[in-house]
């Protein structure tokens, strides 16, 4: 019957089933399979293997220079870093010159590449998408590895500086230790200003290298991809200016915590240098955190509950930038979690004779729960659709049901309801409060406030050497976690 019907009416055969040959050969389509097969697999594999070997070699040189500097007489670690920096600059310069000289090869803009913080600083960041050249992969990974090794070198130097200050020993066996400990900058104004400037700019330096590495990773993943049509989103600064006028409660509470934290941080830096005010400085540090952390914990729990009560669908689409943000958020939180868990384990074997032990125990417990709940709140918020997407989906559903409803009812269904608006406003208030408090919790450890290094459960249980290693593995990740949480919370704020 089907054959008879098709024979009687051949026009009804779908055109997508019958093969059609084009009169003109399509060279672009013929080249597509070769590009799609070769670029994402083989080029990424070779560049990844090269990057793995280079970063392991660089990490071995940097760590060896820190552990046994007298063995590397010619400063091989610095020579290797200078070599990578020179190669990166040569590749970036050549890449920019070639792109400028090529005709009609303007870069495509990936509006979802990088964190919201980077887009706030530079709204016109361009990410190369459609280049199939393997040199782009190797060049991007080379620049990424250079930033990672510079970050590791900065963290290692800061670790040595912290050990010298904690021990008070000149370290006669290490040339770098001698240069650091025997440099009397108080006799020279220029030297003192330079030393103080390096200490103040150190947190921004390490954050810059990590942020650059994240952006370069997104660019490396985008090489070989073909851009799809996407409308540019509004500027983050414009959305922040429009939304900041409506955020009263969260902004007020966050500003109060920020101002109080700055005052306590200044008092801490003044009193921690004296023997009499040292204990009082530690009390100020723990008192501030024991007040702020429970409030942040409650806000994260309330925000997570609000996300669960929403009737909107979860955005589970493929988004490399969001996946990178979540991976960095969870990975960097391991620093806080490790220090907290080690402190809780130390609490099992230490008798609490002093007030500082109780304060450290409570601080570790609250920090543990706050980080976990904040991660859940941010991850849930990143998977929520924006307000524009919710309105668009409701409009499309109202169009399909227009035969059963009137025009007024359709427009009412397209607009968000009162409960949905109230929930989004509550999420915005929570997000802006957590942004301001996380900024303050980034400032305090980033500029040298580490009372757990000198007084705490970990030092009493593990000893100074082991506890020093644990802290120096966890503190850099903890500092990066706070500033990366600010970026994730800004994303949640703009999505809401």
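Quick reminder: no glycine exception, Cβ is built from N, Cα and C everywhere.
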Range annotated as transmembrane segment - as stated in TrEMBL, picked from 134-152, 153-171, 172-190: 134-152
208-227, 288-307, 308-327 - the one TrEMBL records as transmembrane segment: 288-307
Stretch-level contact, the transmembrane segment (460-481) and the transmembrane segment (328-355), CB cutoff 8 A, at least 3 pairs: yes
Chain residues outside the transmembrane segment (247-268) and at least six past its termini with a C-beta under 8 angstroms from it: 281, 284-285, 287-288, 292, 295, 428-437, 439-441, 443-444, 447, 449
Per Cβ pairs under 8 Å, the stretch of 78-97, 328-355, 430-448 packing most closely against the transmembrane segment (288-307): 430-448
Residues from the same chain, set at least six apart from the ends of the transmembrane segment (134-152), whose C-beta lies under 8 A from its own: 39, 43-44, 46-48, 50-51, 54-55, 58-59, 62, 81, 84-85, 87-88, 91-92, 95, 128, 206, 209-210, 212-213, 216-217, 219-220, 223
